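Pulled from TrEMBL, these are the features on record:
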- A:62-129: domain 'HMA' (DOMAIN)
- A:150-171: transmembrane segment (TRANSMEM)
- A:183-204: transmembrane segment (TRANSMEM)
- A:216-238: transmembrane segment (TRANSMEM)
- A:244-262: transmembrane segment (TRANSMEM)
- A:400-421: transmembrane segment (TRANSMEM)
- A:427-457: transmembrane segment (TRANSMEM)
- A:721-737: transmembrane segment (TRANSMEM)
Amino acid sequence: MATGAQMRAPGFGLPAREVVAREAAAREARAARAGAAIADAGAQPGAQDLSLFLHEAPGGQVEMAFAIEGIDCAACIDEIEDAAEAEPGVAQARLNYTTHRLTVAWAAGAEPGPAGVMAALAGRGYRAYPFEADRVEESERGASRHLLRCLAVAGFAAMNIMLLSVSVWSGNLSDITPETRDLFHWLSALIALPAAAYAGQPFYQSAFRALKARSLNMDVPITLGVMLALGVSVFETLNHARDAYFDSAVMLLFFLLTGRYLDQAMRRRTRAEAGNLAALRATSANRIGADGSLVTVPAAAVKPGDEVMVRAGERVPVDGRVLSGTGAVDESLVTGETLPRTFAAGETVHAGALVQDGALRLIATAVGEDTFLQEIERLLDRGATARGRYVRLADRAARLYAPMVHTTAALSLAGWLIAGASLHQAVLIAVAVLIITCPCALALAVPAVQVVAAGALMRRGVLLNSGDALERLAEADAVAFDKTGTLTLPEPAIANRDAVPADLMAAAGRLAHASTHPLARAIAAAAPDAAPAEEVREVAGLGIEGMVGGETARLGSPAFCGFDEQDTKGASGTSHVAVSLGERRALIEIRQALRPDAGAVVEALRRAGRHIVILSGDRREAVAPVAAALRVEDWWGGARPAEKIAVLESLEAGGRNVLMVGDGINDAPSLASAHVSISPITAADVARAQADAVFLGERLAPVAAALAVAGKARALMRQNLAIAVMYNAVAVPLAIAGAVTPLVAALAMSGSSLLVTLNALRARRAAGPEMAVFEAATFEAPASGPPGRTREDAR
Amino acid sequence: MTVLLYLVPAALSLGLLGLAAFMWSLRTGQYDDLDGAAVRVLSDDDLHDDDARDPRPHGAGRR
């Protein structure tokens, strides 16, 4: 994802040789991934049912969308489209390079073969994931098209009316005849009235909704200002007056629509990116058919009552009750607990849990059928309502601003009437006040900064879920971290690599490639290039045995390799795997490792004056060493979801705004109820959906970067609001004095909007200790995670 | 000033033409993939129609 954005225009500004070299490197990497993909495909059961994702297109064709991973240069477009179109029955394949999505259409009557397309793309080194745009994304797309159409109409009208208005203004100073001026005013009315009726819809509707709910938002003065300006201008035109305000009304709409469109575009872009990531990580389920055969289906296609098979190394796709089988299950993504628990028939397992060994046959249950999930649901509801009380900066400004605008206009009307002006003159001045104060710069002040800051964050591996997340992030002065999967890496890693003899380690690596056990995967990940051992056989419940360099090698439980129970006592939270080669043997310690930059990030956050706490669902003795290593004094272990919320509430009662960083299902309620929240991309779906932002990659530094950029963005938003207020302080007295002509209004309006937009561009640069820790991290490694990880998660 | 009688309609109809063109381009999805459009223009597969199903890897066959 990130690489696609960085290399958006490959070749421009680079010497040709370098471009060729880069693309060659990209091809090589893809070829390597293609090999891995084929190996993977071999491990999967044959039958796949993806009919859930197919839908009928007009003309009888059947279409399906895929999210594609691995696009890194422009040449990929041809390669992907040609590979998909070479499949039988495919009528057309079209890749969207911006969103990294491929739409494949099968000819009418042809049998659609999505699995074939996925295999063809995997052979070329791209991973394709079935993709279904969610309803929110669809409706946002519709809304943004409507805004763009309104913007186009307002732009057209503003340009043409300005053409006529400039003629009138210059004519008024020289020799325009009253008849020509009237003609121009009528033409302006002809353009402005229908254009304003069409382009103003977003504001009228929102203002109407606000009034119906008996509140005031920024759209109320906008609607009032536009309506009054148009009405007065028509009245003036009827009376053959010198000036009309058609241009001001339409230009106002144009600027406001620009702000609104920018705001929308930012949220839409994030949503598209998040949709792709969700597709990449969507789990598939092995459904057991009526005839006992296994069919791989997307987890979303499993209905309550369906039977599902989960084998060692797979994640549980849906909540369910165990029908038969036993297995050790790692529930760290659910409860934060790192010690695996053994499940037997009759117990309930939760989606997201990882089966370490054994196999479970589940019957899927509806969401929330057991106490743990019910508690989560209940807490989530409560958290969501608490969050709804937050008022955005722009709305807070509007609440102050709207009544002030109306009072000023009414006062100047009354004032001029008392001073003896005619009703006509007084109304004209009041309208001028309304137009001048209409919050042009105010409407652009916040969205312009949001767009620039969200772009800056996206480049640094942080995706925002909500528009006001930036404001709330900037207010955070305490950070609560979950331990498992947040401070630590989601996958366990070898802890004592140097203590194990190199040849034993190599043998372990070669054996590990033949096993699906999660602990074996940690060893395999440490030796990615090792060739799998020969003559491997699996001894159920104990480990695997094979030939390495002519000697018998074993990898598995300590007892399997001849260790006594006493030897394996170690630090808690550590799992032991033993390896033996001939007569020699060694213990490998595997544990959840801290993210590589966790210490530096926590230190930087502390230096920036933020209070740090750790809130973990894991056992106290597993949390203590982490807290000690990070020098965090406030920490809680063994906390249930409700207790986490209680801690957050006590912190908030102490006057702090808490940023919650967490990834588990048990964190979801606290993510929803904290002032603001961030999840790693590896988080459970429900947690990611509750978080205000998501960060990519192995490092924690994006969290620090998010705080730094948000702080900068908030400062700029305030500056922008100050600029808007200052502009009013100058322009409003002029308007009240009756000195504002349409020309002055036009200049003031565009001038302040331009100033605010230019100021917003500065949000790209942020500084401070938090930014420094991010930059130090990026020089060592790119922000996006290794490709291997997403591959494993997708299974 | 009679010149205005056809100059103003001319100016307005040109503007409307531009607006109509924009609406058409929006409706036909030309703003859906801005990054893709920028790089697709550089692809020269229209020159090699005969080897469009070239079995060689594409990067190698095309430069």
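Including glycine, each Cβ sits where the backbone N, Cα and C put it.
Quick caveat, the model's predicted, so the values are computed rather than measured.
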Residues in the domain 'HMA' (A:62-129) grouped by DSSP into helix, strand and remaining coil: 21 helix, 24 strand, 23 coil
Dominant neighbour of the transmembrane segment (A:216-238) in A:150-171, A:183-204, A:427-457, A:721-737, by Cβ pairs under 8 Å: A:427-457
Touch test for the transmembrane segment (A:427-457) and the transmembrane segment (A:183-204), at least 3 Cβ pairs under 8 Å: no
PLDDT averaged over the residues of the domain 'HMA' (A:62-129): 84
Residue numbers, six or more beyond the limits of the transmembrane segment (A:721-737), whose CB comes under 8 Å of its CB atoms: 393, 397, 408, 412, 415, 429, 432-433, 435-437, 439-442, 445-446, 744, 748, 751-752, 755-756, 759
Beyond the flanks of the transmembrane segment (A:244-262) by at least 6 residues, Cβ under 8 Å: 144, 147-148, 150-151, 154-155, 157-158, 161-162, 165, 168, 185, 188-189, 191-192, 195-196, 199-200, 202-203, 222, 225-226, 229-230, 232-233, 236-237, 431-432, 435, 438, 440, 443-444, 447-448, 450-451, 742, 745-746, 749-750, 753
